[in-house]
Amino acid sequence: MKPVKSSPPSWLAELTQITGPDQTLSSLPELWAYARDRLPYATYMVRDGNLPARLPSAVACPADVDELRRVIELSRREKIPLIPFGAGSGVLGGTLPMDHELVVDLKRMNQVIELNTLDGTVTVQSGMNGGQFEAWLNERGYSCGHLPQSLHMSTVGGWAACRGAGQNSTRYGKIEDIVLGLAALLPDGRELRVRPVARRAVGPSLKDLMVGSEGAFGIITELTLRVWKLPEARHSVVLGFETLKTGLDALRQIMQAELRPAVVRLYDAAESAPRGASVGIGEGRPFLAILEFCGSPRMAALERDLAMEIVAAHGGVQLGDEPYEHWCAHRYESYSPQWQSKDYFMDTIEVTAPWSALPALHARIAREMQSLFPGIHFGTHWSHVYPEGACQYMTLRLPPMERSEGLRLHREAWHLTLTACLDLGGTISHHHGVGVFRNPWLREELGTGLELLQGVKDYLDPDNLFVPGKLALRAREGAVNLEHIHHE
Ligand SMILES: Cc1cc2nc3c(=O)[nH]c(=O)nc-3n(C[C@H](O)[C@H](O)[C@H](O)COP(=O)(O)OP(=O)(O)OC[C@H]3O[C@@H](n4cnc5c(N)ncnc54)[C@H](O)[C@@H]3O)c2cc1C
């Protein structure tokens, strides 16, 4: 049954006074537009005309911190649960309304406040679009180094809230390494400011209390990030390896040799085949890798040459440039709509594991996926690498089938993947975050740590108004419980 809109909330007129009639949305199409993010489960529901969870009660688009503060005051007084909304590109259901929350869209708070070229920092409002932010910096000769595939469909605040990673993270770090300081409004309306300094020793990191809190602890309004001069040179190499093990070993040794490639991508055989066909991947060397080094011409060339010595010692050979050029041309495109619109059940799952665990982790998940459904497409790449381990990024795709069966297999695929990850010493997310979909496994991973987070949440937000029920924190009574999809 299609949901119909219930009567307007009693506080809507007051909200409209705060954000204005044009920036307070409450029509049915507008509420539907904010009833989902890029969580694949939500797509499976919406494409059949179903609501994934609930409609929001309304959508408010504050112009500035003052309006946002007044929205929060209203929420506190009227006990209105709310969800900060960046661009809705999250893939774990973080912005999904579970209890008719008020959605607070931050995209109008989109100004660069200051570029400080002496300190190498930029301060920006959290609602700024990622692509526009990076373009603004590029025009001035800088980059913040955070270039997620979703660059043009996400906000700077969303990057920090989800603890995201860009495609150049191996050189520039994840967002938690790039954020130096921030401002946020807490659920009681107070402002938390963390000074933008290089390092500090003033107790546990309050910055990290907010970075990754997915809106549950406060709304980030402003961020100060590191910036870097645009590199003068980029040197890319496309490689073929005989085995996955030699490819992984080469990447590990490159990182342990303290080299800092900007881009590192190693693909398993399933992902290498389509990407490397033009350069002969599959003829004795079925594993494709792409590396890019950047910086000053001499340093980038030296790092490339040192890396190539390690590659050669592992039997890797250099191939033609086409796979790198193709990747560059399409690096910010989204592939899922072409499959989801044809009723496939597609999803991606990214985890982190130590080098010692990665080969077994990949082999176990690949094997269990095939047992689950022999026709499944399962492909993997490793694209954010560290001296100690790497992110394993997996894509799964099930063909069109009865929705209940597709959902069952999709759920099983998640379960076997994250169970293997936890069994082998990994963490269940490298950069997409938790949202609502990863709740069951986060409990298992954090154990006592989750009780600590719940304690912080209870202190900051005693009425459980900010993004309730996400990040494995307590849900509101009467809210939709999406966990049934894990247990059916
Ligand atoms: C095709 C595609 C590719 C992707 N590629 C990447 C990638 O390469 N790297 C990566 O890290 N992620 C990637 N993602 C996931 C997603 O884009 C990121 O998580 C992104 O950071 C979310 O930003 P957003 O502004 O869209 O946040 P939203 O989806 O709007 O919100 C996500 C969560 O953050 C909270 N939130 C948003 N803004 C704030 C704020 N200012 N203060 C407090 N809480 C807030 C929301 O309440 C929600 O819980 C991809 C997604 C898609 C669809």
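Note: Cβ is positioned from N, Cα and C throughout, glycine not excepted.
Automated prediction, rather than curation, is the source of TrEMBL annotations.
Over all protein chains present, the Cβ of TYR393 (active site, proton donor/acceptor) has 22 other Cβ atoms lying within 10 Å. What TrEMBL records for TYR393 is active site, proton donor/acceptor.
Taken from TrEMBL, the feature FAD binding site applies to GLU214, GLY215, ALA216, PHE217, GLY218, ILE219, ILE220. The number of other Cβ atoms within 10 Å of the Cβ belonging to ALA216 (FAD binding site), over all protein chains shown, comes to 27. According to DSSP, ALA216 (FAD binding site) sits in a coil region rather than a helix or strand.
Sequence annotations record features per position, and here TrEMBL assigns domain 'FAD-binding PCMH-type' to 52-230.
Per TrEMBL, site 'Important for enzyme activity' is recorded for ARG265. When other Cβ atoms within 10 Å of the Cβ of ARG265 (site 'Important for enzyme activity') are tallied across all protein chains shown, the result is 25.
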* Structure fact -> CB neighbours within 10 A of GLY218 (FAD binding site), counting all protein chains shown, number 26
* What's the CA to CA span in angstrom from PHE217 (FAD binding site) over to TYR393 (active site, proton donor/acceptor)? -> 28
* Check: same-chain CB within 8 A of FAD site center, minus GLU214, GLY215, ALA216, PHE217, GLY218, ILE219, ILE220 -> PRO84, ALA161, ALA184, MET210, SER213, PHE466, VAL467
* Structure fact -> The answer for which recorded positions (GLU214, ALA216, PHE217, ILE219, TYR393) have a CB under 6 A from ligand 1 is GLU214, ILE219
* Structure fact -> CB neighbours within 10 A of PHE217 (FAD binding site), counting all protein chains shown, number 25
* Taking only the Cα atoms, work out how far ILE220 (FAD binding site) lies from TYR393 (active site, proton donor/acceptor), in Å, as a whole number. => 28
* Asked: If you skip the near sequence neighbours and keep only those at least six away, which residues in the chain come within under 8 angstroms of GLU214 (FAD binding site), Cβ to Cβ?
  -> GLY94, ALA161, CYS162, GLY433, VAL434, GLY435, VAL467, LYS470, LEU471
* Asked: Near ILE219 (FAD binding site), how many other Cβ atoms are within 10 Å of its Cβ?
  -> 28
